[in-house]
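Report on the following structure.
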Amino acid sequence: MMQTKKPDWLRIRIKANQSVEEVIKLLKDLSLHTVCQEAQCPNIFECFSKKTATFLILGDVCTRNCTFCDVKKGKPQEVDKNEPKKIAEAVKVLNLSYVVVTSVTRDDLEDGGAEHFANVIEKIKELNPQTKVEVLIPDFNGDEKAIYKVVSARPDVLSHNVETVPRLYPTVRSKADYERSLSVLKVAKKMDNRIYTKSGLMVGLGETKEEVKEVLKNLRSVGCDFVTIGQYLSPSKQHYPVIEYIHPNVFEEYKEYAISIGFKHVMSAPLVRSSYLAEETTKII
């Protein structure tokens with residue numbers, strides 16, 4: 001049964017300040033996109049006020065049509081060859097010690113944009129040698145050569161989200177494949193076990209507790225180090241509906257379970273998103 005009324009624990013107070021305005025202006029001046037803005041993240045004001053952002057590369061138009069996602073779909077733009085330099089400059093201006101880079105899925109590109117990811121990582125590290133870099137990558141259609149391009153650039157954390165339980169893939173992620181997503185994480189770890197791997201999933205889409213715990217076990221079986229779990233919030237009535245608002249106690253239960261089976265870092269709460277407080281992993285890496 002679909003739920004429509006948000007519970008109190010999902011209500012957040014929006015507080016804009018000078019730091020938020022500075023980040024927004026910088027992004028606009030450099031013609032950069034963030035997933036914070038494109039995906040209507042509920043934590044955008046908190047993160048921007050700390051001068052942190054998750055950069056969205058390869059444009060803001062996705063070639064896939066996942067029913068949960070608010071990023072634009074359609075025919076993507078040409079790849080901006082200057083984007084790696086612009087992002088590296090933004091990282092320097094914002095004085096970031098930890099940066100997250102993600103992208104839309106670009107099935108129209110031969111390597112899915114893997115080389116561009118590598119260029120961004122390398123340029124950030126060239127201009128900001130002390131900055132830790134996390135990349136949240138698409139599945140590259142399982143292309144191991146593409147995955148290797150990203151791994152070879154030596155990100156500190158390589159993340160790929162499974163998003164939901166396998167039973168719900170046909171309706172939530174129809175162009176994706178659960179086993180392929182697990183394989184991305186497995187292959188990346190095998191290519192370079194010095195890189196930490198990470199994944200994330202949303203709950204409230206109609207999954208069961210047992211299914212969530214099975215996904216966590218599957219992630220650990222491929223060597224995944226970090227995991228995030230957050231409440232799914234439907235962007236509009238045209239998107240996949242929220243089936244259930246999960247109580248904070250259940251998120252705590254998932255966190256305890258994930259830690260018990262060996263995850264090194266777990267973020268599990270209603271407003272958690274895959275890049276939320278990602279810099280906390282610096283205590284580990």
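Counting starts with 1 at the first residue shown.
Just so you know, glycine gets a Cβ as well, placed from its N, Cα and C.
Here's what Swiss-Prot has on this protein:
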type: BINDING; residues: C36, C41, C47, S275; note: [4Fe-4S] cluster 1 binding site
type: DOMAIN; residues: 48-264; note: domain 'Radical SAM core'
type: BINDING; residues: C62, C66, C69; note: [4Fe-4S] cluster 2 binding site
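There are 28 other CB atoms within 10 A of the CB of S275 ([4Fe-4S] cluster 1 binding site), with all protein chains counted. Note on the domain 'Radical SAM core' (48-264): mean pLDDT across this stretch is 90.
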